Amino acid sequence: MLTADRAIALAIIGLSLYFMSHAIALPIGWNGETGGPGGGAFPFWLSLIMALCAAGVLIRSFGTPDDGLPFFDPETIRSVAAVAIALTATIALTPILGAYVSIVLFLLWYLRVFGGHGWTLTLSLTAATPLFLFFFFEVTLKILLPKGWTEPLFLPLYATFF
Amino acid sequence: MDVLALLADGFATSLSPVNLMIVIIGVTAGLFIGAMPGLGSVNGVAIVLPLTFIVPPSSAIILLAAIYYGAMYGGAVSSVLLGIPGASTAVATTFDGRPMAQQGKAGLALIAAAVASFVGGTISVVLFTLFAAPLADLALAFGPAEEFALVLLAFTTFVGLGGDDILKTIVMICLGLVLSTVGLDLISGQPRLIFGDMPGFYSGISFLVLAIGVYGVGEVLHTIETSKSAPAVTPARLTFRELADGLRRMNRLWKTMSIGSFLGFFVGMLPAAGATPASLMAYGIAKTTSREPESFGKGNIEGVAAPETANNAASTGSLLPMLTLGIPGSPTTALLLGGMVMWGLVPGPMLFIEQPDFVWGLISSLYTANFAAVAINLALIPLFVWALRMPFTVLCAMVLVLCIVGGFAPSQKMHDVWLIAGFGIAGYLLRKADYPLAPLVLALVLGPLMEKSFRQTLIAEQGDMMAFVERPLSATFIAIAVLFFLLPLIKVWRARSGKAAISPAE
C-alpha cells in the first residue's frame, strides 16, 4: 500500500511540474498595468501548492509503518486492467472502424468473454444497443457518431431518416 | 404572500403535461439508478446529462433534478434487499434495513424508507421554498470579492469538515482548479495549458468530461473490484395490509423524521458534508434519543426512517446554495450547475430575477417529484427485486458504452472521449489511494468563477489585496474560511496537548 501511495504522490508531483512548465508561458507574477496576477499565475501557484502537498504525502509515508496490504490483489488487477484495455481499444478503434463496429466488438467481448453470459443475452444486447444509439443520437438528436470506414454503409440510412 | 404567488406560478410550469411526464420519467430512471449498487445520484446525473439534449434546457434541469431525487429514494432499495448500499448516501440504511429484510420484513423496511424519504423530501422542499428568495436577495449584494470569498469558503469546508486526508484533499482541490484553467485565459484571451498546442484543449476541459470519467468509467472499474460475486437478493412482497401497518408505525416516528429533515437540510447545504454524513448523524441521534437504543442495528424501523429522511432532506438542502448563490452543495448539484451553465442558465441571484419562471418551475417540480417518487417507489418494488438480479457485467457494459457515446455527443470530439478514459482510470486509482473525488469535481466547476472573481476584484482595486477583507460580507466569509482551514490543526493540537496531559499521569 505504501509503495502505491508513494508512486501516486510522485506522479502528482510530476504532473504539477509539467503543469507549471506550461503555465509559465503566460506571466505568473503581478501584472503592474492592469492590477492583479497574470494569466499564468493561477495554474502556476496552484500547481506548486499541489506539488508541495503531494510532497507532504510522500514524506509522511516514510514515517508510517506499512500495513502490508497489497494495493491490488492479482484477481482485481487482472479484471480491472482487462476492462481498461478493452475500453482503450474501443476508443482507439472508433474513428477507424466507426462507433457501431467498435461498440459491438466491445459488447461481444464484455458480455461473452469477460462476463461469461450465454449467447442469447449477448447477442440480443449487442444487437439492441447500436439500434438504440442510432435512433437516439443520430435520428432524434441529429448527432452523428464517428463512422470511419463504415461511412458508405450508412448513406442509405441517412437518405431514409433525414 | 409573495413566495406563494411565485410558487403557484411555478406549479403552472411544472404541472404542464410535458414537465409532469419528464418528472415521472426522471424519477423512475433515478429510482433504478439509485437502486443499482454502486450507482448513485451523481453517477446517474453524470451519465444521463449528455442524453438530456433531447429536451429544452429548463425541462432538462427538471429531468436531472428528478433523477437526483429518484436516486435518493432508490438508494434504500438495495440497502434493504441486498445489504449493499445503492449509493454511499444509503449506507446508514443498511444498519437496520438489512436486519429487517432478514427477518422477513423487507416490505415493511421499504415502506419505511419510502415514507421517510417523502417526509424528509417534503419538509426540506418547504424549507427550501422559504429560504430561497431571501438568500437570493442577500446574494444580490455580492460583488466579485464576495464571490471569491464564498468559493474559498466552499473549498475550506472540505479541509475542515470533509473527514478525508487533508493533504490529499488539498491536492484534489488544486488539481481541479488547475484543470479548470486549461483553455483560454479569461482576461487576456491567450491560450494556456494547451499541452503542446493540442487543439482539443483550446476550449478547456468540460466538467462533463471529468464527471463522466470519474463517476462513469471510474465507478465501473471500482464496481468490478468490489463486486466479484453476484449478491443474493432478498425477495420482498408488498400487501395493502403491510402498507397500512407501515404507515401506522411511521406515524409514531414524527420526532425522528423531523429531526432528520432539519438536520439533513442544513448539513446538506455544506459542500463537504452532504447526504452521507447527514444520514449517519440522523441515525446516531435517533439511536441516542431512543428509549431502546439496543434494538438499533437489529432491525428497528426507526433506524431506517432516520437516515432516509436525512439523506433526502440533504439532497434538497444542497440545491439551495447552488441555485441561490451559484455554489453547489454537493458533487451532484455541481453537475447540475455545470449543466445549467452549458444551457445558458447561470445559477445565482440574477436567475431569480431574470428567469423566475424557470426557478419556481424547478422548485415546484421538487414537490411533484416527491409525490411521484413515493408512489412509483412503492408501486415498482417487485420490479426492483427483478432488476437487482441483473448481473453487474451487463450493467457495467451498458454504462461504459453510454460513457463513450455520451462523452462524444456534446462536443463531437474524440479528444473528449480519450480524456474520459484517462480521467476514469486515474480517478479509480486516486480513489483507491484515498484521494477524495468530490473536491476535484467541485473545483473544476467552480474554478472559472473563483479565478474570475479574484482577478476582477484585484483589477477593480488596482491590485489591492485588502479589497477582500475591507467589505464586511467578504471579510466574514474569509474569516469563516480561515477557521475551517485551521480546524484540523486545532484538532491535532488539542489531541497532542490532551495526550501530553495524560501521559505524565500514567
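Count begins at 1; order follows the chain as displayed.
Just so you know, glycine gets a Cβ as well, placed from its N, Cα and C.
Here TrEMBL flags B:20-442 as domain 'DUF112'.
As annotated by TrEMBL, transmembrane segment applies to B:20-39 (among others).
Positions annotated as transmembrane segment by TrEMBL: B:46-69 (among others).
The feature transmembrane segment is assigned by TrEMBL to B:75-95 (among others).
Same-chain residues lying 6+ beyond the ends of the transmembrane segment (B:107-132) with a Cβ under 8 Å from its Cβ atoms: 3, 7, 69, 72-73, 76-77, 79-81, 93, 96-97, 100-101, 236-239, 242-243, 245-247, 249-250, 253, 257-258, 260-262, 264-265, 268, 301, 304-306, 308-317, 319-320, 323-324, 352, 359, 363, 366-367, 369-371, 373-374, 377-378, 381. The transmembrane segment annotation in TrEMBL covers B:107-132 (among others).
Taken from TrEMBL, the feature transmembrane segment covers B:138-162 (among others).
According to TrEMBL, the transmembrane segment annotation covers B:169-188 (among others). Distant neighbours of the transmembrane segment (B:169-188): 155, 158-159, 162, 194, 201-205, 210, 430, 435-437, 439-448, 450-452, 455, 459; these residues of the same chain sit at least 6 beyond its ends, with a Cβ under 8 Å from one of its Cβ atoms.
For B:200-218 (among others), the entry in TrEMBL reads transmembrane segment.
Feature annotation from TrEMBL assigns transmembrane segment to B:259-286 (among others). Residues 72, 88-93, 95, 116, 119-120, 123-124, 127-128, 154-155, 157-163, 296, 302-303, 305-318, 320-321, 327-330, 438-439, 442 of the same chain sit 6 or more residues outside the transmembrane segment (B:259-286) yet have a Cβ under 8 Å from a Cβ within it.
What TrEMBL records for B:325-346 (among others) is transmembrane segment. With a threshold of 8 Å between CB atoms, the same-chain residues lying at least 6 positions outside the transmembrane segment (B:325-346) that come near it are 41-42, 45-46, 49, 52, 57-58, 60-61, 64-65, 68, 135, 139, 142, 147, 150-151, 154, 206-208, 211, 215, 268-271, 274-275, 314-315, 317-319, 355, 358, 410, 437-438, 441-442, 445-446, 449.
Residues annotated as transmembrane segment in TrEMBL: B:358-386 (among others).
Long-range contacts of the transmembrane segment (B:392-410) within its own chain (CB-CB distance under 8 A, at least 6 residues past either end) are made by residues 36-39, 43, 47, 49-51, 53, 206, 208-209, 212-213, 216-217, 219-220, 223-224, 227, 230, 342, 416-417, 420, 424. TrEMBL lists B:392-410 (among others) with the feature transmembrane segment.
Using a Cβ-Cβ cut-off under 8 Å and counting only residues 6 or more beyond its ends in the same chain, the transmembrane segment (B:473-490) has close neighbours at 141-143, 145-146, 148-150, 152-153, 155-157, 159-161, 166. The annotation transmembrane segment is assigned in TrEMBL to B:473-490 (among others).
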Contacting positions for the transmembrane segment (B:20-39) when only residues 6+ beyond its ends and CB under 8 Å are counted: 14, 48, 55, 59, 62-75, 77-78, 82, 84-87, 90, 219, 222-223, 226-227, 231, 365, 368-369, 372-373, 376-377, 380, 384, 387-388, 390, 392, 395, 399
Tertiary contacts of the transmembrane segment (B:75-95) (same chain, 6+ residues out, Cβ under 8 Å): 31, 34-37, 39-41, 101, 106, 109-110, 113-114, 117, 231-234, 236, 274-276, 279-280, 282-283, 296-297, 303-304, 306-308, 311, 314-315, 377, 381, 384-385, 388
Beyond the flanks of the transmembrane segment (B:358-386) by at least 6 residues, Cβ under 8 Å: 6-7, 9-11, 13-15, 19-20, 23-24, 26-28, 30-32, 35, 58, 61-62, 65-66, 69-70, 73-74, 77, 81, 107, 110-111, 114-115, 117-118, 121-122, 125, 128-129, 132, 233, 235-238, 243, 316, 319, 323, 345, 351-352
